[in-house]
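K.L.:
Here's a structure for you.
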Amino acid sequence: MRPYIKQNKILFALTLFTSVIASLGYVFMAVLLQQLLDIAVERDIRQFLQIVVFSIAYFALLGMFLYLQSLLSKKVVCRIIYQIRSDMFRGTMARNMEDFYRKNTADYISVMTNDVKMLEENFLLPLFEVVQYTVIFISSFVLMICFDLIVTIFVTMAIAVMFLVPGLLGRSLEIRQNSFSSKLAAFTVSLKDILSGFEVIKSYSMKEYAAQRFDRENKETARSKYSVDRLLALNEGVSAFLSLMVQIVVFFLSAYFIITGRITVGTLLGMVQVSSNLANPLVMIFTNIPKMKSMQPIIEKLKETANFPAALSRKGVPASCQNCIYANELSFSYDGQKEVLSGVNCTIERGKKYVLVGKSGCGKSTLIKLLSGCYSTYRGEILYDNTELHRTDPDTVAQLSSTIHQNIYMFDESIYDNICLHEDYPGEMIKKATDESGLTEFLSGLPEGLQYQVGENGSNLSGGQKQRIAVARALIRSKPILILDEGTSAIDRQTAYDIENRLLKLQDLTLITVTHHLDEDLLKKYDKILYMENGCIKEEGAFESLISVPSRFAAYFQLKK
Ligand SMILES: Nc1ncnc2c1ncn2[C@@H]1O[C@H](COP(=O)(O)OP(=O)(O)OP(=O)(O)O)[C@@H](O)[C@H]1O
């Protein structure tokens, strides 16, 4: 938290200053009350009028400082929360795909919403309260000594007992808060999963299952929250009881000292007032400190999300592919156990066209993900013009290729925004991209044209329309490498054929297509077919050379025809 406090040090210092003044003003009310009662007992009207005038000015000033302290503390909390969220978002965006997908996306949402809220409620707000109540406690203690030393000694002994309880609860509270945060994250993940599958739930009558799953997660989250609250209640209850005891000690002792003539009635009132300022602040301090301590694991979690770039993102040499991308004995496993690719060798030359084919699950998509730099935990080598991928700057690797997947993500914006992705392109380039991707006819039928809103993840579009937008999105960027991972599978045969055919004619473009549609006419136009089986490239070559001899590809092709 220290960096955030440093970033806002002026605002923070002002908040503390107003808090100290307001707290002192609050404590010295006891002196005012003592004076008032003693004046009343003496029936001195002149002094009474003086104290009334003084009190009006005093309370007006106190009111102003109380307001300022409350306003400034809210402002500093808002700012810190804003900065934490911004840092976490930046940290999340700095991850590469491999790191990002280690967690469920809902986990990130949960950290940025639930955990930040917990931090606000259980750390930042209590922090100001602790400062404020510490000032109240210390000044009240000094004032109490001025009122009467013996009463102060008894009160101190009663207060010492109050120290014991929160110290005993701190660790258990920390464990329970952490478990509650994990439960909240699991709840968010599950909720996102259920809502994302809304269509499946409706069409397969899974309402009962969805309700049960939601209820299970909801119940566990509520149970975990209650387990935290139970401990907090114990902490608050014991502390409140002890605080009451302190006041009772003061009351009875003071009453006794009035009888013996040691103190005045005004001093009794002053001490009762001050003793509440001794015990209550301590209750607040000792309920807040365990709360704040229990936030430590959550703070670590937030730090891990926010500080990601410093810890892991790498800066290497700029990547280029003037000549080729070369995979040498490339092996890969997602889970560190089952090998998905084993010993793959291949060369992707600039400007050439490649098509990757093979049975479902043989590793085609994994291979292109590795070649385009999505994962770094492979064995073997991937060379971009003789530079190993690990030594390159990931941002420059991303600049070299565009991938069109089967399932494309559409932002809930216009078609125009989904193609340009908030970059500026001249009108002719947009026209060319929409023509080449086969979008023109669809656009001409829309009154809003390119400004048509696509809805959440393109829910207002068909699968084919989404893919055409994705093709336009890739083409307009004119990157040297284009990867079509079944990127035209939802488009009608003829349009898909036309798009692929057009791409095959682009001289400078390096095209890697992954497909299950084995169109002989198109296959003949590729420079090389890479045929995969069980994570290996078993055969490679031009269509004619592979088909003219008995080969695995030939058998596969016959099967698919
Ligand atoms: N993110 C992932 N985590 C774990 N395993 C994965 C992941 N993605 C793919 N796999 C597994 O890796 C293997 C290869 O998958 P991949 O998607 O590369 O195959 P594919 O040849 O592209 O299949 P398809 O033609 O059906 O798209 C499969 O067994 C798959 O279950």
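For all residues, glycine too, the Cβ spot is worked out from N, Cα and C.
Pulled these from TrEMBL:
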TRANSMEM  12-36  transmembrane segment
DOMAIN    13-294  domain 'ABC transmembrane type-1'
TRANSMEM  48-68  transmembrane segment
TRANSMEM  123-143  transmembrane segment
TRANSMEM  149-169  transmembrane segment
TRANSMEM  240-259  transmembrane segment
DOMAIN    325-559  domain 'ABC transporter'
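Describe the structural context of these features.
P.N.:
Here the transmembrane segment (12-36) has long-range neighbours at 5, 48, 51, 54-55, 58, 61-62, 65-66, 68-69, 72-73, 75-76, 128, 131-133, 135-136, 139-140, 143, 147, 264, 266-267, 269-271, 273-274, 277, meaning same-chain residues at least 6 beyond its ends whose C-beta is under 8 angstroms from one of its own.
For the transmembrane segment (48-68), the list of distant contacts is 18, 21-22, 25-26, 29, 32, 35-36, 39-40: same-chain residues at least six beyond its ends, Cβ to Cβ under 8 Å.
Remote same-chain residues near the transmembrane segment (123-143) are listed as 1, 15-16, 19-20, 22-24, 26-28, 30-31, 69, 73, 77, 80-81, 152, 270, 274-275, 277-278, 280-282, 284-285, 288-289, 291-292, 295, 299 (criterion: CB distance under 8 Å, separation of at least six residues from the stretch ends).
Confidence in the domain 'ABC transporter' (325-559), given as mean pLDDT, stands at 89.
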K.L.:
Any residues 6+ beyond the ends of the transmembrane segment (240-259) with a Cβ under 8 Å from its own?
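P.N.:
The answer is 148, 150-151, 154-155, 158-159, 161-162, 165, 265, 267-268, 271-272, 275-276, 278-280, 282-283.
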